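**Q** Swiss-Prot feature annotations, pasted as is:
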DISULFID  C123-C200  disulfide bond
CARBOHYD  N21  N-linked glycosylation site
CARBOHYD  N28  N-linked glycosylation site
CARBOHYD  N39  N-linked glycosylation site
LIPID     C334  S-palmitoyl cysteine
MOD_RES   S363  phosphoserine
SITE      D110  site 'Important for G protein-mediated signaling'
SITE      D130  site 'Important for G protein-mediated signaling'
TOPO_DOM  1-48  topological domain 'Extracellular'
TOPO_DOM  75-87  topological domain 'Cytoplasmic'
TOPO_DOM  110-124  topological domain 'Extracellular'
TOPO_DOM  147-165  topological domain 'Cytoplasmic'
TOPO_DOM  189-211  topological domain 'Extracellular'
TOPO_DOM  237-264  topological domain 'Cytoplasmic'
TOPO_DOM  286-300  topological domain 'Extracellular'
TOPO_DOM  323-370  topological domain 'Cytoplasmic'
TRANSMEM  49-74  transmembrane segment
TRANSMEM  88-109  transmembrane segment
TRANSMEM  125-146  transmembrane segment
TRANSMEM  166-188  transmembrane segment
TRANSMEM  212-236  transmembrane segment
TRANSMEM  265-285  transmembrane segment
TRANSMEM  301-322  transmembrane segment
Amino acid sequence: MEPLFPAPFWEVIYGSHLQGNLSLLSPNHSLLPPHLLLNASHGAFLPLGLKVTIVGLYLAVCVGGLLGNCLVMYVILRHTKMKTATNIYIFNLALADTLVLLTLPFQGTDILLGFWPFGNALCKTVIAIDYYNMFTSTFTLTAMSVDRYVAICHPIRALDVRTSSKAQAVNVAIWALASVVGVPVAIMGSAQVEDEEIECLVEIPTPQDYWGPVFAICIFLFSFIVPVLVISVCYSLMIRRLRGVRLLSGSREKDRNLRRITRLVLVVVAVFVGCWTPVQVFVLAQGLGVQPSSETAVAILRFCTALGYVNSCLNPILYAFLDENFKACFRKFCCASALRRDVQVSDRVRSIAKDVALACKTSETVPRPA
């Protein structure tokens, strides 16, 4: 089998030949990752400055996203009051984002060097994580939207359905469902020599003219279109319900909480869709054989890919601004960390002062020579 699709998204949306200019490729050609894209008119590699810019963006997203998502998971695990059904889903989203952020240094190195230097095992791992993240993120956001729908439109039933234990079970089911794609692409993925360069690719079964487009369309439908449609239906029903009723729960305080959490989930979903729509469309187009025809198009596609990963570091920021409980826990964590540093500095100063005082006292008691 000849490799058709480069597996992770930073590779899926591009294709090129080392010994020619960019062109339209039929789906049965070998597609190479973005760092091997050639200048359409000069047959040269894209500028080093562009590579460095994208790699720098990847590293910034990696560091900021890891700090934010790890803090989100810590807060949910640390505080009992944070273990609500919605926050259990948020934990799952943060976990998926953390895993994919850990792959960005490898992806950045791949782009900068122009080849995959990390071997076959890590190639399979990065491929699997990339696809797991795509499916677990969309499935988790769908579950959060359905959870919000039940809370708003069926408040009595929600008392039995919306529990943290059931949310945990849904999270397990989400990862199991994502394995339907994650495991096969990991098996098909491998580090191969393509045009004298080592590339991390996924081998699509033959006939590739058939399975290539099928693969691309299925990924587009089940990882994006279907979840977004379900989410849209849920929020349409919720908006109609919210407009038709002044009080949802009989309590103004509970009602404010319901609306606040619903707004948070809606914003998280909207940001996700905004960040991932461009790259999803380009993935579908590439799977159908359409390739970028200029260096500018290549640059745009690369930044669209980076935008998808930027989404992974935005969620903790949204929680901090839109959810009072997360904001309070984040503030408590930061204040506690600052207090611990102050205490450590104070203890160190006192220790030094004691040592100096003891040294001075010792020098005073030592008899001077006659």
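Cβ coordinates are placed from backbone N, Cα and C, and glycine is handled just like the others.
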**Q** Within 10 Å of C200 (disulfide bond), Cα to Cα, which of the recorded positions D110, D130, C334 are there?
**A** D110
**Q** Counting only pairs at least 6 apart in sequence, do the transmembrane segment (88-109) and the transmembrane segment (212-236) share 3+ Cβ pairs under 8 Å?
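**A** Between the transmembrane segment (212-236) and the transmembrane segment (88-109), which are separate recorded stretches, there is no contact, as judged by 3 or more close Cβ pairs.
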**Q** At the Cα level, what's the spacing in Å between the residue listed as 'S-palmitoyl cysteine' and D130 (site 'Important for G protein-mediated signaling'), rounded?
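**A** Each residue's Cα considered, the residue listed as 'S-palmitoyl cysteine' and D130 (site 'Important for G protein-mediated signaling') end up 31 Å apart.
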**Q** So of C123, C200, C334, which of the recorded positions has the fewest other Cβ atoms within 10 Å around its own Cβ?
**A** C334
**Q** Is it possible to get the count of other C-beta atoms within 10 angstroms of the C-beta of D110 (site 'Important for G protein-mediated signaling')?
**A** 26
**Q** Any idea what the Cα distance is from D130 (site 'Important for G protein-mediated signaling') over to D110 (site 'Important for G protein-mediated signaling'), rounded to a whole Å?
**A** 15
**Q** Can you work out which residues elsewhere in the same chain, 6+ from the ends of the transmembrane segment (49-74), have a Cβ less than 8 Å from its Cβ atoms?
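**A** Contacts with the transmembrane segment (49-74): 35, 90-91, 94-95, 97-98, 101-102, 104-105, 107-109, 111-112, 299, 302-303, 306, 309-310, 312-313, 315-317, 319, 326, 330, 333.
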**Q** Name the secondary structure element type, per DSSP in three states, that contains D130 (site 'Important for G protein-mediated signaling').
**A** helix
**Q** Can you grab the distance from C123 (disulfide bond) over to D110 (site 'Important for G protein-mediated signaling')? Cα atoms, rounded to a whole Å.
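**A** Between the alpha carbons of C123 (disulfide bond) and D110 (site 'Important for G protein-mediated signaling') there are 11 Å.
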**Q** Do the transmembrane segment (166-188) and the transmembrane segment (125-146) share at least 3 Cβ pairs closer than 8 Å, excluding pairs fewer than 6 residues apart in sequence?
**A** yes
**Q** Which sequence positions outside the topological domain 'Cytoplasmic' (147-165), separated from its termini by at least 6 residues, show Cβ-Cβ distances below 8 Å to it?
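**A** Contacts with the topological domain 'Cytoplasmic' (147-165): 83-86, 88-89, 234-235, 237-238, 241-242, 248-249, 258, 261-262, 265.
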**Q** For D130 (site 'Important for G protein-mediated signaling'), just count the other CB atoms lying within 10 A of its CB, please.
**A** 24
